[in-house]
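As annotated by TrEMBL, active site, proton donor applies to CYS158. TrEMBL lists 6-168 with the feature domain 'Flavoprotein'. Summarising the annotation, TrEMBL assigns domain 'DNA/pantothenate metabolism flavoprotein C-terminal' to 186-394. Per TrEMBL, the feature region 'Phosphopantothenoylcysteine decarboxylase' maps to 1-190. Per TrEMBL, region 'Phosphopantothenate--cysteine ligase' is recorded for 191-397.
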Amino acid sequence: MSHQKKTVVLGVTGGIAAYKALDIVSRLKKYDIDVHVIMSNSSCEFVTPLSFQSLSQNIVISDMFAEPKSWEIQHISLAKKADLLLIAPATANIIGKVANGIADDMLSTTVMATKAPVVFAPAMNTNMYANKIVQDNISKLKGYGYDFIEPNSGRLACGDNGTGKLADTKLIADIVISKLHTCKDLVGKKVLVTAGPTIAPIDPVRYISNRSSGKMGYAIAEEARDRGADVTLISGPCDLEIPFGVKFLKVETNGDMLCSVLKIYDNMDIVVKCAAVADYKPKKYAKEKIKKTDKEFTLELEKDNDILYELGKKKKNQILVGFAAESENLLKNAEAKLNKKNLDMIVANDISCNDTGFKSDFNRVTILTRNDKFSLDKMTKKEVAHELFNLINKLKR
Ligand SMILES: Cc1cc2nc3c(=O)[nH]c(=O)nc-3n(C[C@H](O)[C@H](O)[C@H](O)COP(=O)(O)O)c2cc1C
């Protein structure tokens, strides 16, 4: 996301899922977004304004005719201030009101008055959601350009099973953050990102792997998606949630990764190889579990594929970016890798610092191109991803 502070107006309406909107506020605040909450009167029956006020650090508005806290006319001022208006959870009632031009409280009036994108995250009983009137209202609003984050299926608070559960709060926050991304400079570009570790199996239960968490690669895939690219993320085994809006492929070994990457490589515009691919694998894979004995055990390893080198050889018009995780001679080794593997850019990653690197949310990197070097301060992996694509875009010109 660009670093200019953004404003989100969050409308909370009266359903059981109203408490989940608290989590959305904290997630957005973590991205330094200014969040203003408007609560419908009914929603105040479910959660107190004080909770939203504390988390958003802004006054919560619910009563349109309350004495103004500032000289500005609030429904207009928030409508103007908003870069995006999110309604989560959105009741059948608010959907119906907006679809029919009703503006009888602060939230519905603000929706009418705003020019910002409006996103609804509905949550309601399955039968309510399936009701033809609700569905017609949703279609009508979609036709006017309003966005919807579809509810999930599952067991609802009322005990029924079916569709109507508020979408995952992380997904809602991620979609909002993605929509706030104003710089769409990768529209029409195909971007391939690899992430996470690979594993080299020894026997059916054991394997060799490394400490890569996948966080850097996933952040890069998300940044490319937010800038409008068509993104494929090929990931080794890691615990992260699959980002929305990207084509996702899970692989295990170096060989799997090479195979999957080669299938699409020729069609890509930008390839960022962030995965920590195993360089060696056991010479022999034991089909049965290796038994423990009293003797020493030696495992013989052989070289595995050098995927980046293969891609460098086959490169046509792609921009090829590699990563170098080094614990010594960082820049020298990274520069050698840039040249040997025919890369356009390499991100040198000093793994000797214990406050950044593998499992951390932070990184401190130096990005090298063929003729330049950019040393970045310690920053979040998301910020590194942002800076990385700023530099990739300069290479494109
Ligand atoms: C316990 C309870 C739970 C409710 N849950 C929902 C819900 O999840 N979704 C919904 O659309 N309406 C739900 N309603 C009904 C709304 O609160 C009602 O339609 C209200 O008028 C909505 O007002 P609002 O849209 O201004 O918040 C619930 C009502 C009660 C009493």
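Cβ atoms are placed via backbone N, Cα and C, with glycine included.
TrEMBL annotations: computationally assigned, not manually curated.
For the domain 'DNA/pantothenate metabolism flavoprotein C-terminal' (186-394), the predicted model reports an average pLDDT of 93. Counting Cβ atoms from all protein chains shown, the residue listed as 'active site, proton donor' has 12 others lying within 10 Å of its own Cβ.
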